[in-house]
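Colleague: Take this structure, written in structure tokens, and hold onto it; I'll ask about it next.
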Amino acid sequence: MENLILSFEVVLPLLIMMMLGLFLRSVHLVSDSTVKQLNNVVFRVFLPVLLFCNVYHCDLNGTIRPRLMIFAPVCVIISFFLTFAVICLAEKINARRGVLIQGIFRSNFIIFGLPVTISLYGEEAGGIAALLIAVIIPIFNVFSVAALEIFSGSGKFDWKKILKGIVTNPLIIASVLALIFLFSGLKIPTVLDDVLTDIGSVATPLGLMILGASFAFSAVRDRLREIIIGVAGKLILVPAIFLPIAIAMGFRDAELVALLALFGSPTAVSSFTMAQQMGGDSELAGHLVVLGSLFSIITMFFWIFALKQLGFI
């Protein structure tokens, strides 16, 4: 029961902020054009700053675990290519292909993963998860941009266009800058750091409200097949594939919980923003975030319960 309550406590604030956005649109406090403009600001300003701050503030002391830091990125990359291959066969609409690929392989590790790991294993697991953020989030962003770029427009493999999209993407730029500061030891003045932290803190609540304001219940029926594939793939198939491998590799306790949060968390909130800005099916992306977050209350409880019963955590 405690694990179910924990999952509910993590997801409930996200759902409330989405519902607030839906309410604001329903009472005409925000228009469709305003929502699109705000989404553009979130994508180009607030999300990059949030990403930079999350990576920049990672503590490298005492949490370096080389085996885990190699295993997790390799699994994420394998997950991307497996998802890419399956979705190319299962889905014919290009605008939905990139969104489904991103929705299945990319998790809401920052917002969902950290609270779960810290609640189960305290600061030890929190430190491990924070370091994984520095390694994993840039990978998420690079491959997400690649998937969305590949299937934008005509869907032809224009490598120059794809490379340009990756290099000029605000989230990629923020990731690279943050890693440079993190591993070089360069420090930002405290005053500027505080300002950046305040700016970045706007990204998640505003992004969730924009998502709620953009949500259309009528579109669920038209995309039901894709929603089922995306949500089931993210919450069930990905952890079902990679958690047994992690267990076989000897990962236990805090490390395994961090991997559970990585593989079992719902789709990242920023995937909706990226899909809307890069020509993907933003309605499908929004449904994957909203419904994935809702069903993750059940699936995360199941995974935690199963791993505890089997004695792995």
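Cβ coordinates are placed from backbone N, Cα and C, and glycine is handled just like the others.
Remember, it's a predicted structure, so these values are computed and weren't measured experimentally.
Sharing the feature lines straight out of TrEMBL:
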- 6-26: transmembrane segment (TRANSMEM)
- 38-57: transmembrane segment (TRANSMEM)
- 69-91: transmembrane segment (TRANSMEM)
- 103-122: transmembrane segment (TRANSMEM)
- 128-150: transmembrane segment (TRANSMEM)
- 162-182: transmembrane segment (TRANSMEM)
- 202-220: transmembrane segment (TRANSMEM)
- 227-250: transmembrane segment (TRANSMEM)
- 287-306: transmembrane segment (TRANSMEM)
Colleague: For the transmembrane segment (162-182) and the transmembrane segment (38-57), decide whether they are in contact, meaning at least 3 CB pairs lie under 8 A, counting pairs 6 or more apart in sequence.
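Modeller: Result for the transmembrane segment (162-182) with the transmembrane segment (38-57) is yes.
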Colleague: Apart from its near flanks, which chain residues at least 6 from the ends of the transmembrane segment (6-26) lie with a Cβ under 8 angstroms of it?
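Modeller: Tertiary neighbours of the transmembrane segment (6-26) are 32, 35, 111-112, 115-116, 119-120, 204-205, 208-215, 269, 290, 293-294, 296-298, 300-301, 304.
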Colleague: Does the transmembrane segment (227-250) reach the transmembrane segment (128-150) with at least 3 CB pairs under 8 A, where each pair is 6 or more residues apart?
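Modeller: Not in contact, no.
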Colleague: By a Cβ-Cβ criterion of under 8 Å, what residues six or more beyond either terminus of the transmembrane segment (128-150) are in contact with it?
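Modeller: Beyond its ends, the transmembrane segment (128-150) has Cβ neighbours at 51, 54-55, 57-60, 63-65, 68-69, 72-73, 76-77, 80, 84, 97-99, 101-102, 105-107, 109-110, 113-114, 117-118, 157, 161-162, 165-166, 169, 171-172, 175-176, 178-179, 182, 254-255, 258, 261-262, 268, 271, 274-275, 278-280.
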